[in-house]
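The structure appears below as structure tokens.
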Amino acid sequence: MPKLIILPHKILLPKGGVFNAMKGESILNVALRNNVEIEHACEKSCVCTTCHCYIWKGASSLSICEEKEEDVLDKAWNLQFNSRLSCQAKINNKDIEIEIPKYTINQ
């Protein structure tokens, strides 16, 4: 079973965490199921950037970043090469390590 590793975040998860994930489950759904309240203003419909995260390990095993997600990501605060929307990035067979940005456009 793949794991979602979330690096420490000052507000949402001060000590970080490791959570079991199911293949095909989005990063956001794994986090929410484990009471990590990543903001998701658009209710997972891929129109905002509040669930933006950085993928530090396992990016190649995530679902492909579709054009719509890429277009929305262009509006994200502090966009980086490893940015994904956690509502769209689906976990496959490998462990994934992410960082939740310090800020979002809504914060």
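A Cβ is built for glycine as well, from the same backbone N, Cα and C atoms used for every other residue.
Feature annotation from Swiss-Prot assigns domain '2Fe-2S ferredoxin-type' to 1-104.
Annotation comment: Swiss-Prot describes Cys42, Cys48, Cys51, Cys87 as [2Fe-2S] cluster binding site, evidence class sequence analysis. Secondary structure at Cys87 ([2Fe-2S] cluster binding site), taken from DSSP and collapsed to helix, strand or coil, is coil.
Note on the binding-site residues Cys42, Cys48, Cys51, Cys87: the fewest other CB atoms within 10 A surround the CB of Cys42.
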